[in-house]
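Pulled from TrEMBL, these are the features on record:
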type: BINDING; residues: 110, 134, 136, 138, 219, 221; note: Mn(2+) binding site
């Protein structure tokens with residue numbers, strides 16, 4: 001933050017913060033191993049450091065990195081999830097203390113979105129609009145007895161009043177409770193079965209007016225497994241990678257923070273393909289955040 005302030009002319013710089021948490025997964029805990037694999041892929045020599053719009057990732061005005069929250073070490077000390085979620089929130093606020101840094105969080109499972117969004121909203125002093133790309137709505141009131149489940153993160157966010165609008169895009173594994181919870185919280189849910197009808201609207205979104213900005217949460221399984229097989233919950237019939245980029249790149253709004261979650265390196269069997277997909281998402285989100 002001090003370096004960027006000295007450079008001048010930087011309104012926002014995307015800043016990687018790893019949150020290697022996987023124990024709130026309902027199926028596999030592999031996403032805990034994702035942050036270092038994503039970083040490795042970001043800087044892989046097989047590609048250059050330019051984003052599609054021409055920003056250079058090796059410019060600290062575009063992307064910086066503050067490392068990982070030591071999740072496992074904290075849990076080894078006997079810290080329960082209530083306190084752990086607080087630690088994650090405080091870590092995000094610490095990043096935001098260093099203007100012009102803006103957190104771009106590497107998960108981890110999707111349970112991390114709750115403490116991250118909470119921190120962003122509390123730090124900025126009001127709710128945000130959320131664009132959530134996912135195969136699942138993750139809005140169960142409580143999943144398998146766990147209120148902090150990765151399948152319940154957005155219920156906690158909406159209960160807390162941290163979001164004004166929540167748009168969920170790419171849904172294709174949604175239960176009756178998922179739809180009921182969506183109605184309860186006024187969520188705008190866009191299912192893949194109607195994507196061809198909704199495409200024009202979703203590729204021309206305008207969010208964040210009248211609130212503190214836009215938060216973007218990308219669960220890698222929003223993509224069809226043909227593009228990203230390295231996920232815990234494989235759900236055919238998803239978005240293409242270009243669909244996702246069109247939605248993100250055309251989004252109008254001040255993106256103040258975001259996350260990329262649910263990449264599972266233990267299932268990434270096709271020569272690290274999904275790691276590169278996750279890295280590309282981070283690259284393009286960095287371009288969207290940095291100003």
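Counting begins at 1 with the first residue displayed.
Yeah, the Cβs are placed from backbone N, Cα and C, and that goes for glycine too.
Because TrEMBL annotations are produced automatically, they should be read as predictions rather than curated entries.
Since we're looking at a predicted model, the values are computed, not measured.
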(request) Sort out the sequence-distant neighbours of residue 138 (Mn(2+) binding site) for me: same chain, 6+ apart, CB within less than 8 Å of its CB, listed by position. (result) 110, 113, 132, 150, 151, 152, 153, 154, 155, 219
(request) Let me know the most crowded of the binding-site residues, choosing from 219, 221 and counting other Cβ atoms within 10 Å. (result) 221
(request) Would you list the other residues of this chain near Mn(2+) - those whose C-beta lies within 8 angstroms of the C-beta centroid of 110, 134, 136, 138, 219, 221 - in sequence order? (result) 132, 135, 137, 150, 222, 233, 261, 262
(request) Only counting partners 6 or more residues apart, tell me which same-chain residues put their Cβ under 8 Å from the Cβ of residue 136 (Mn(2+) binding site). (result) 151, 171, 173, 174, 178, 219, 221, 233, 235
